[in-house]
Amino acid sequence: MLLLPLSVLLLLTQPWRSLGAEMTTFSQKILANACTLVMCSPLESGLPGHDGQDGRECPHGEKGDPGSPGPAGRAGRPGWVGPIGPKGDNGFVGEPGPKGDTGPRGPPGMPGPAGREGPSGKQGSMGPPGTPGPKGETGPKGGVGAPGIQGFPGPSGLKGEKGAPGETGAPGRAGVTGPSGAIGPQGPSGARGPPGLKGDRGDPGETGAKGESGLAEVNALKQRVTILDGHLRRFQNAFSQYKKAVLFPDGQAVGEKIFKTAGAVKSYSDAEQLCREAKGQLASPRSSAENEAVTQMVRAQEKNAYLSMNDISTEGRFTYPTGEILVYSNWADGEPNNSDEGQPENCVEIFPDGKWNDVPCSKQLLVICEF
């Protein structure tokens, strides 16, 4: 602190020349010991002094700590959009990625158009018998059926017990005179005549037939034979019926009737001939139960079938093949109408719903026979 005032005083009392030298010397002395710059404010501007010697470079001090960052400046305005650059070259094809998960199932599509009708398949094997259907309502009393054909003779039955003698029947009406019978047995001897001449010895006669038993036993035996004959006929008819049915596959049984089909499709006349050769006739349902049995066969075969009835003899009057009028019918609404573009409809078909319709007899329909 004392050095500074003394320096000022020396400068003021010394001549300029010596002052400059002394200052130089003093400055050298001062600068040799410390890097201190002395600033003097002259009272008047003197002559410029000589250039002083370059001072030694002082060593740099340690770098100070960085100052705290200043506040962020405001964001500048976005620049203009540059022009679109040229399209780059295509890159190399990458490897296939992994298979993705299966997507959800789409909604079902619209039904396609119906395909053409395929050819008829082969006849399948006979299926197992179905469960018996419910008992149908009692139908109206049927007409008298046609006489059946003569059946095969059945086996001889066991000898039955002797029946009770029957009552004497009323005398029958006198029959027509029959042909001359054989020579009867010798009559009773007449009155003794006069003795004749002795004749030759005759040949021995044949043994006569055994005489009949009493009248009551004969009547009882006849009654017994009549009963056995009735049983035999029923047995023969049933045996013949089942024998014919077995030879004709795929059928339904209702009461004493059996309906069968072989799956054949024919005209009415050919269908009649086929059933006739099988010793049967076309299906003739006479009750709702029989009609239902035929309907089930129509559904199973998926084909309409012929029935036996027709009005070929009298238009509008449908009858059975025997000529009897119908005792049961199940016509569809508005049928029979005899309308097929001018072609007469004299025959009957049955639909899968059991309803009947009149059709031309030339139509090809399923054949169902009745036994």
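Note: Cβ is positioned from N, Cα and C throughout, glycine not excepted.
Over in Swiss-Prot, the protein carries these features:
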COMPBIAS  71-83  compositional bias 'Low complexity'
COMPBIAS  139-148  compositional bias 'Gly residues'
DISULFID  Cys275-Cys369  disulfide bond
DISULFID  Cys347-Cys361  disulfide bond
DOMAIN    46-216  domain 'Collagen-like'
CARBOHYD  Asn337  N-linked glycosylation site
MOD_RES   Lys87  5-hydroxylysine
MOD_RES   Lys99  5-hydroxylysine
MOD_RES   Pro108  4-hydroxyproline
MOD_RES   Pro111  4-hydroxyproline
MOD_RES   Pro129  4-hydroxyproline
MOD_RES   Pro132  4-hydroxyproline
MOD_RES   Lys135  5-hydroxylysine
MOD_RES   Pro147  4-hydroxyproline
MOD_RES   Lys162  5-hydroxylysine
MOD_RES   Pro171  4-hydroxyproline
MOD_RES   Pro195  4-hydroxyproline
MOD_RES   Lys198  5-hydroxylysine
REGION    47-215  region 'Disordered'
SIGNAL    1-20  signal peptide
Point to revise | Most Cβ neighbours inside 10 Å, all chains, among the recorded positions Lys87, Pro111, Cys275, Cys361, Cys369 | key: Cys369
Practice item. Work out how many Å separate Cys275 (disulfide bond) and Cys347 (disulfide bond) at their Cα atoms, rounded off. Key: 16
Study note, to complete from the structure: Candidates Lys87, Pro108, Pro111, Cys369 (recorded positions); nearest Cα to Cys361 (disulfide bond) turns out to be Cys369
Practice item. Go through Lys99, Cys347, the listed recorded positions, and name the one with the sparsest Cβ surroundings, counting other Cβ atoms within 10 Å. Key: Lys99
Exercise for review: Summarise the compositional bias 'Low complexity' (71-83) by DSSP state, stating how many residues are helix, strand and coil.
Suggested key: 0 helix, 0 strand, 13 coil
Revision key, fill the gap. Cys369 (disulfide bond) falls, by three-state DSSP, under strand
Review point. Pick from Pro108, Asn337: which of these recorded positions has the biggest number of other Cβ atoms within 10 Å of its Cβ?
Key: Asn337
Check your understanding: Lys87 (5-hydroxylysine): which of the recorded positions Pro111, Asn337, Cys347, Cys369 is the nearest Cα neighbour?
Key -> Pro111
Study note, to complete from the structure: For the domain 'Collagen-like' (46-216), the averaged pLDDT of the predicted model is 69
Review point. Of Lys99, Asn337, Cys347, which recorded positions are close to Pro111 (4-hydroxyproline), meaning a Cα within 10 Å of its Cα?
Key: none
Check your understanding: Out of Lys99, Pro108, Asn337, the recorded positions in the record, which is closest to Cys347 (disulfide bond) when you go by Cα distance?
Key -> Asn337
**Study point:** Distance [Cα-Cα, Å, rounded] between Cys369 (disulfide bond) and Pro108 (4-hydroxyproline)
**Key:** 46
Review point. Cα-Cα separation of Asn337 (N-linked glycosylation site) and Pro108 (4-hydroxyproline), in Å?
Key: 45
Review point. How big is the Cα-to-Cα gap, in Å, between Pro108 (4-hydroxyproline) and Lys99 (5-hydroxylysine)?
Key: 25
